[in-house]
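Working notes, beginning with the structure itself.
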Amino acid sequence: MSRRRFDCRSISGLLTTTPQIPIKMENFNNFYILTSKELGRGKFAVVRQCISKSTGQEYAAKFLKKRRRGQDCRAEILHEIAVLELAKSCPRVINLHEVYENTSEIILILEYAAGGEIFSLCLPELAEMVSENDVIRLIKQILEGVYYLHQNNIVHLDLKPQNILLSSIYPLGDIKIVDFGMSRKIGHACELREIMGTPEYLAPEILNYDPITTATDMWNIGIIAYMLLTHTSPFVGEDNQETYLNISQVNVDYSEETFSSVSQLATDFIQSLLVKNPEKRPTAEICLSHSWLQQWDFENLFHPEETSSSSQTQDHSVRSSEDKTSKSSCNGTCGDREDKENIPEDSSMVSKRFRFDDSLPNPHELVSDLLC
């Protein structure tokens, strides 16, 4: 097995199609006003709220550096654009409005998701404010988006609560999947093996350097459901080594104390996804037919007012907790420790609604194999 360095010039699984959306070379500032609201920051990108001068519409401007650690990474950015274009008809994926380019950056003008990350819903402060029916609706929407991607042979590979946004927080809006910087195209001709992702969300096959499949995303959906329902992170340890051990051994707490307010159907759903063998995980399509999700459809058909009132009861608590999202951790476990290291000390108050930085230390120095 040959090994090669993981760099922007030799990453496998990137879409190579030329973007259909025009990449404008005009000055971005001639068309948009940047507000003082910074939505997120990483090592190679920053997202800021902006307003169209012609329409007054709010957007999120994602500034991506074309050179990273001395390497030309324009192909990676074009891949992200291509994935967003491919998914433009899917309402569960963030919409790409325009693209600008200058000498050092490519700027993606994205739909503005005012509700922020669903990570805020994982916080213990909101444990009684988000009902299981709310979680069911969100998980079902995530599955709809992931099913669309998988049907087009795209795996996201960085699904986590920080990369799922809400169109609004009150009433509880619809989800928008963001950050396709780590996504890859999979096919029948080649096997893709890469070490990538955020430590506590890595699937066992990633740690074992086994082939990446759509099942890798399904593992992450299991984690997201677990966090939304229990307000704890299932695998995070005191350090990365302990976290990796928990993942490789699938050490998950299903105790009565942790799952006291979680239904058996929800527990079954999570347990079906958090299994070590990726071939035994259900697909997104199969998950959409799971009894847990179908139960919500049945109840909402006859009692739609319950779902509405559930979302409305969140207003005061959600608004008061929203600003805590960037500073709070889920019982000290839900925070993305690697990402926090990339936020400047003077930006501690910045809301991290977007995550797009490389989650593992020095990922471009890790190894990638493409077996054809």
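Glycine is treated like the rest: Cβ placed from N, Cα and C.
Note that the coordinates shown come from a computational prediction; the quantities given were computed from them, not determined experimentally.
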Looking at ATP binding as recorded in Swiss-Prot, which candidate out of Lys24, Lys53, Lys62 goes with Leu39, Gly40, Arg41, Gly42, Lys43, Phe44, Ala45, Val46, Val47?
Lys62
By the count of other Cβ atoms within 10 Å, pick out the sparsest of the binding-site residues Arg41, Lys43.
Lys43
Taking DSSP three-state, what's Ala45 (ATP binding site) in: helix, strand or coil?
strand
Three states by DSSP: which one describes Leu39 (ATP binding site)?
strand
For the ATP site as recorded (Leu39, Gly40, Arg41, Gly42, Lys43, Phe44, Ala45, Val46, Val47, Lys62), determine the largest distance between any two Cα atoms, in Å, rounded to the nearest integer.
14
In the predicted model, what is the mean pLDDT computed over the domain 'Protein kinase' (33-293)?
94
